[in-house]
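A short worksheet on the structure shown next.
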Amino acid sequence: MILIAPKLFDISLLDAALMGSVVAAVSPAVLVPKMLKLIDEKYGTNKSIPQLLMAGASVDDIFVIVLFTSFTSLVNGGNISYLDFVKIPTSIIFGLLLGIIIGFILSKFFTKFHIRDSAKVVIILSISFILVSIETSISNLFGGVIGISGLLAVMSIGAYLKKSKEELSKRFSLKYSKLWGAAEIILFVLVGAAVNINYAFNAGVLGIVLIFAVLIFRMLGVLVSLIKTKLNKKERIFSMIAYCPKATVQAAIGSIPLSLGLASGEIILVIAVLAILITAPLGAFAIEASYKKLLEHE
């Protein structure tokens, strides 16, 4: 992205990096249902390929969101110092630790006090909103040297609860899936409403060129990451295809730079929307059309 976007849209390297962090994430809304279907039908399960792809996508999304938060702060602040780069690994480490600690406390609390699952969901949601909103304040307490990712803390809370209380986490999943059904519609409507149609048409052809160019780099990156694995050629090709779809993450964070008043906010939102429109249906179709041909049936 940082090699191509500045030449196509006359934006800075930092803006291009921010755009890359928006577009990079794999869509769990597309990938996870497809991989669960593969597990049910026992395609690729002999080498745990669906599980591998889901786990890799989760780590990928976490890393991308942390980078997005860091790049947003850099672009918004206008000044870059070595502390900003120190914050990236510390955001990951301390975000994980904070989430695990809170997850442990919640696990003990839910064991001791028997309350309805709906109330538990509200408690977790409230804590999640608080963590995301106060992450800057927590960082400032340490003089800005140490960063803490509120989003990563929220994810690790969920991961800890799933590990420690699997049955409870399954009930939570049902509750959150119902909430997400309505929230997803609102999210995509708001993103669509924020797009400047004229600007989108002007950037259309170059935007499409950019998206396909970065997809090629992404697929090459997946291929390189699989070099030391036992996957055969067909399975590696499938893995490259599976990591193409973009949707929910782009919809969730694509409009944030524009809402912050960043100069590059409009073009970042347009590219995010184009990435969703192009890669989500194509990626889902490609996965559906290729898995029986590229993966072994157990």
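Numbering starts at 1 and runs along the chain as it is shown here.
Using N, Cα and C of the backbone, Cβ positions are placed for all residues, glycine too.
Because TrEMBL annotations are produced automatically, they should be read as predictions rather than curated entries.
TrEMBL has this to say about the protein:
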- 7-283: domain 'Cation/H+ exchanger transmembrane' (DOMAIN)
- 12-32: transmembrane segment (TRANSMEM)
- 52-74: transmembrane segment (TRANSMEM)
- 86-106: transmembrane segment (TRANSMEM)
- 118-134: transmembrane segment (TRANSMEM)
- 140-161: transmembrane segment (TRANSMEM)
- 182-201: transmembrane segment (TRANSMEM)
- 207-228: transmembrane segment (TRANSMEM)
- 240-261: transmembrane segment (TRANSMEM)
- 267-287: transmembrane segment (TRANSMEM)
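In this chain, the transmembrane segment (140-161) touches the transmembrane segment (86-106); three or more CB pairs sit within less than 8 A of each other, excluding pairs fewer than 6 residues apart.
As a quick check, the transmembrane segment (240-261) and the transmembrane segment (118-134) miss the bar of 3 or more Cβ pairs under 8 A, pairs 6 or more apart, so the two do not touch. By the Cβ criterion (distance under 8 Å, sequence gap of 6 or more), the transmembrane segment (140-161) is not counted as touching the transmembrane segment (12-32), fewer than 3 such pairs being found. Remote same-chain partners of the transmembrane segment (52-74), defined as residues 6 or more beyond its termini with a Cβ less than 8 Å from a stretch Cβ, comprise 14, 17-18, 21-22, 24-26, 28, 31-32, 35, 80, 84, 87-88, 91-92, 95, 147, 149, 151-152, 155, 239, 242-243, 249, 253, 256-257, 260, 262. Under 8 Å from some Cβ of the transmembrane segment (207-228) lie the Cβ atoms of residues 1, 4-5, 8-9, 20, 23-24, 200, 236, 239-241, 243-244, 270-271, 274-275, 278-279, all in the same chain and six or more residues away from its ends. For the transmembrane segment (267-287), the list of distant contacts is 9, 11, 15, 18-19, 22-23, 27, 30, 34, 191-192, 194-196, 199-200, 203-204, 207-208, 210-212, 215, 238, 241-242, 244-247, 250-251, 253-255, 257-258: same-chain residues at least six beyond its ends, Cβ to Cβ under 8 Å.
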